[in-house]
């Protein structure tokens, strides 16, 4: 009989209960026991929801207070020495590794000052994981038994679950060697790590687990030979052990075909494959399945919010049943549902027609179950009919098509994506306008979003204050930020973005073709959640979006103020995109909307315009090849279409987060100045790659995701390291990213120390 399965469910709670609890704990407002109770309540709620929906195979150990990869590092004792010396509790160690910790000594606790581990994008999603850091002194051992405890927790509720673990090869491959052990190959630690996996799996079996889901998402990457060999070695090893639960080897986000040789013949009970992202792999995967293995068909999209087409999905599952038999097929989500909002029923303000196009995590449970029942011959005719009508109505919807937008995209030519002169000719004109010192200082855009800002925005949205009152409040906040920047001596200022709720949502709300949720939160990292806008139809800008605030900010200072925009690729990648139009087309529509805004800012007297692209690397296809090179070409073109309509003397900036970007790809954007998140890299080789980069650059100097405050000496040391490989005359001094999530006191001190460090180097380079 065909079974239904879910690979993971959002951990945040329908009303962001996890965020409120973790931040409450960090701020000392709740105890650790109260935090743990919230976690237990959320897990219970998720398991019961899936059970009541009729899901056969329900995941456990998909919950985390911060990040599932970080949980594994704590479980296996992959904890760098800088954390262990403080004798923190396990949960405080977890949080210190994720976000850093800086606290003064008290009567009961000693002082702590430790930076966070590196945070990296989870494949091509907008989720971030905390990267495991290995050294030659890493000693694997079990710290607790979280997967077992959560399995038993569900068992007490009468719910039999399938525990989820990130696999050993993916865990090692996605990690890195510590800076003191750079010659260490993480995969060389596999033999030491496998016994710990076996120990956890044995404990799970003893607790009553009959099956486990082991995720090896690296199987959709271009794996080197040693990683493919590691897959064979790891799962052959598991197959040689006795009394372990059956293993479902799970992959997602792409095709496994290039790595099928590593998968064939493995002693695993089932293979899960993502047929949403890579339906073309079906025949080769089915041919590679062993005679007794089950195929888990990932057919309900774990990454996007569009309603499933039951007819198409059922056809794919039936094809698998024809090849393998019903007992060897599972209907599943393509990946964990972590990447989707929790429940569409919480959306009360969406247009009814548009709402009918969507399916959030809770609704996706029903989709998995309906498809399973349909292919099993059960009567779901009413559900199939309603689904078919919904799918058809979306294709005909008035919200989808705009002929004028399509015509404008078709008219894009090379001239529209080329600045009037090359950088070496633009630079002297810009220097004449700005007369900036060596080591110019700036920030990336946002300043702290205080409680007062959120309260007033909420009042305005509810209509309890007028537009005039709200504008007056926003202007007062802008003035505070401008005066602060002048006071500490920053060179190129920002207005602080107090009017913006989110860097994509703010613009999306002013662009035709977008839809927005009230409660469609998705975890980005830790307690940082986002509400991705939804691209429903063709995109266009009806009027100026940011000019008013930028003009006001520039009017109250003699220093240059940057106009701040979010780039076309980031607007695309940090939205739920359409699935009926290719992403290049959507990017070009956004580029044209932003081009109009850039030109309006310049016409209004804004001389520095920053178009942020923190998601540029995220959009890259996971595998090398023509798709990847094509992506870089059209992504760079979209940026240039947005920014190339300005005069030579107008300075274009851009910014990238979490990005291992090739300098040549950044060069293709032709921005005058770029800033890159860098504070947690400590990578001299990466700096050296930019030695011959022709334009100006700022490598981020402090981690804005951590409350920790770097000293002036730390800034000096970091800049000194950079200047060994990068020319001083091209270097800008800036933080990693925007300061929206930080408090004012830590912002004030960190930026003051940063400016003091820049002034120190100006003295050093005077002659």
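Backbone N, Cα and C atoms are what each Cβ position is placed from, and that goes for glycine too.
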Record says 19, 126, 525, 528, 529, 574 bind 5-methyltetrahydropteroyltri-L-glutamate. Source is Swiss-Prot. Which of 33, 41, 502, 596 does it list for that same site? 502
Site-mate of 444, 445, 446, 612 for L-methionine in Swiss-Prot, selected among 392, 487, 497, 499: 497
Quick one: among the recorded positions 89, 126, 242, 706, which has the most Cβ atoms sitting within 10 Å of its own Cβ? 706
Extra residues within 8 Å (Cβ to Cβ centroid of 444, 445, 446, 497, 612), L-homocysteine: 443, 494, 503, 564, 610, 655, 737, 738, 740
Under 8 Å Cβ-Cβ from residue 525 (5-methyltetrahydropteroyltri-L-glutamate binding site), six or more apart in the same chain: what's there? 67, 119, 127, 128, 129, 705
Argmin Cα dist to residue 89 (phosphoserine) over the recorded positions 242, 497, 612, 629, 706 returns 706
Return only the integer: C-alpha distance in Å from residue 529 (5-methyltetrahydropteroyltri-L-glutamate binding site) to residue 612 (L-methionine binding site). 19
CB neighbours of residue 19 (5-methyltetrahydropteroyltri-L-glutamate binding site) within 10 A? 17
